[in-house]
Amino acid sequence: MSQVQGGFTKQMARNMFYGGAVFFALLFAAIVFHTEQRIPERSNAAAITPQVVAGKKIWETRNCIGCHTLLGEGAYFAPELGNVIERRGPDFVKAWMKAQPTGAPHRRQMPQFNLTEQQLDDLVEFLKWTGQINTEKWPPNIEG
Amino acid sequence: MSTHVLKYESQKVAKLYFVAALALFTAQILFGLGLGLQYLIGDFMFPYIPFNVARMVHTNLLIVWLLFGFMGAAYYLVPEEAETELHSPKLAVALFWIFLVAGALTILGYLTVPYARLAELTGNDLLQTMGREFLEQPLPTKLGIVVVALGFLYNVSMTVLKGRKTSISLVLLMGLWGLALFFLFSFVNPHNLVRDKMYWWFVVHLWVEGVWELILGALLAYVLIKTTGVDREVIDKWLYVIIAFALMTGILGTGHHFYFIGLPGYWQWIGSVFSAMEPIPFFMMTVFAFNMVQRRRREHPNQAAVLWAVGTSVLGFLGAGLWGFIHTLSPVNYYTHGTQVTAAHGHLAFYGAYVLVVITLISYAMPTLRGRLANSRKAQSVEMWSFWIMTVGMAVMVLALTGAGVLQVWLQRLPTSGAMGFMATQDQLAFFYWVRLAGGVVFLAGLVTYLSSFFIGGEPVTEAEAQAASHGGGVLRRVPAQA
């Protein structure tokens, strides 16, 4: 009843494993190589200013991904931020971060990160650039 | 025979690793319950342990305890497969303490120092690697992981090189080397977020849907050989076919993460086609486990280990296979991406495939590390109960999260105009989150039951008793060997 009896030997199974793994690894590497060439255009890489880079660092060192999603990846505890500038506008985002935590009882709380005006601007620039990435029209609507 | 159940003295180092793994597992679950509560009572533990910190602890503990489990499993299995003592038991013990202390310091760092400060203190500016999901560890910890992994790989590889080379130990080694190799991508963090995300998946996806499956297959095959007495030739053949399909579908299956993060649209085709086939190896694993148990040539006294092994194959298929499939096609994923559906899949896949395979190994190995072939009937019975309680708890959690995800898609994603906002949607999901929390409490009860089984004494079941009791059935009825 098992599929691997009869003429199918262990050596054949092993060869299928090695052959298949190597073939698909190479194919994957080739496609990734092609994708690499496309990334600058799809991500509008020319618009990555030092401010965007600084903003990404703020994003990372405050562990924002621990609550939020960015392009759908991260934790699912707080809103998607890939399109937050489009949804809320830069001023709202900055004001929001300054006002945290809300302290509303039993509501989810966002920590106060005490960012300087410069750091807030960097973060906004990073999120603004992120919003321009060609994501194949994801998310489906403005709510993220 | 009963005085020397352990074939090689150096296998004993595995015990340290297993004990640490279970302790960290328990801590992981406690943090998980806290997170489940924060979904409902948003300010629970705030500002002392904000959600992002608790989640980082929860997921990092998972990774670390599974790594402890894999390493312990390798230290236990490799000497027996290679028929020789471990190259250096002392190195294994030293690396254990280094890894444990480094891990504990990292978790303490997360809990006591603001993350941005931790990044400053640990030299994140030298090479920015922190703040990416699952790879939040400070630079020294990441470097420590590499050092520990290299020392560990050196140790087990040398052991295999000087001894018998079996398919199981070779596949296990390939899996472990792959694990270390792909971890190196955690040091790759380009300024371009799209590139960053693409290489990030080289660690995350090529671990759990790639090389870890080799480890999973090898561990499962090992326990099945030991507990069923089926010919190695047969089991090896299954193992190779399973891992062949795992990599042939899983490598290009990476594409299912590349749909909406800025990469070219062709990934939607590649990802959909290949990841739709990813359940195949998991289904084969289920057929494999049932088949081997039915064709068993012996009644192993440790029937609890057999239950965990069969459980791994079934729940691995459900979690990684089925729950992966439901949201893997790009037109579906367009709506489910980043919703609670992902959380549902993540929980069941990790539990079914990796948590259970590590427990399978622990369940098989631990009695022998304590000087007996199997635990007492009473202890095994409690252990089997713990499997069912944990599994039911997990099932409740996963169904609740799936329900939450479906409703979330309905309210927040599907409407083209007037869609509900994120937080308003979350309020509508409260019922599901309460059920999820209840599932989590049941899971914890199962874990406590499991841990308590280690403290139940009684006369160990012997080989002879197991044979005599075989008419009772065991996990599955035995099918006489076909001509």
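For all residues, glycine too, the Cβ spot is worked out from N, Cα and C.
Noted in TrEMBL for the protein shown:
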- B:1-455: domain 'Cytochrome oxidase subunit I profile' (DOMAIN)
- B:16-41: transmembrane segment (TRANSMEM)
- B:61-79: transmembrane segment (TRANSMEM)
- B:91-111: transmembrane segment (TRANSMEM)
- B:143-161: transmembrane segment (TRANSMEM)
- B:168-187: transmembrane segment (TRANSMEM)
- B:199-225: transmembrane segment (TRANSMEM)
- B:237-260: transmembrane segment (TRANSMEM)
- B:266-293: transmembrane segment (TRANSMEM)
- B:305-326: transmembrane segment (TRANSMEM)
- B:346-366: transmembrane segment (TRANSMEM)
- B:387-411: transmembrane segment (TRANSMEM)
- B:431-451: transmembrane segment (TRANSMEM)
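Sequence-distant neighbours of the transmembrane segment (B:91-111) (same chain, 6+ residues past either end, Cβ-Cβ under 8 Å): 10, 13, 16-17, 20, 24, 49, 53, 56-57, 60-61, 64, 67-68, 71, 75, 118, 122, 136-138, 140-141, 144-145, 147-148, 151-152, 154-155. Remark: the transmembrane segment (B:199-225) makes no contact with the transmembrane segment (B:143-161), by the rule of 3 or more CB pairs under 8 A.
Mean pLDDT of the predicted structure over the domain 'Cytochrome oxidase subunit I profile' (B:1-455): 97. A contact between the transmembrane segment (B:346-366) and the transmembrane segment (B:168-187) is absent, since fewer than 3 of their C-beta pairs, 6 or more residues apart, lie under 8 Å. Away from its own ends, the transmembrane segment (B:16-41) comes close to residues 49, 51, 54-55, 57-58, 61-62, 64-66, 68-69, 71-72, 75, 93, 96, 100, 103, 355, 358, 362, 365-366, 369, 426, 430, 433-434, 436-437, 440-441, 443-444, 447, 451 of its chain (Cβ-Cβ under 8 Å, at least six residues beyond either end).
The stretches the transmembrane segment (B:61-79) and the transmembrane segment (B:168-187) are in mutual contact, each linked to the other by at least three Cβ pairs under 8 Å (pairs 6 or more apart in sequence).
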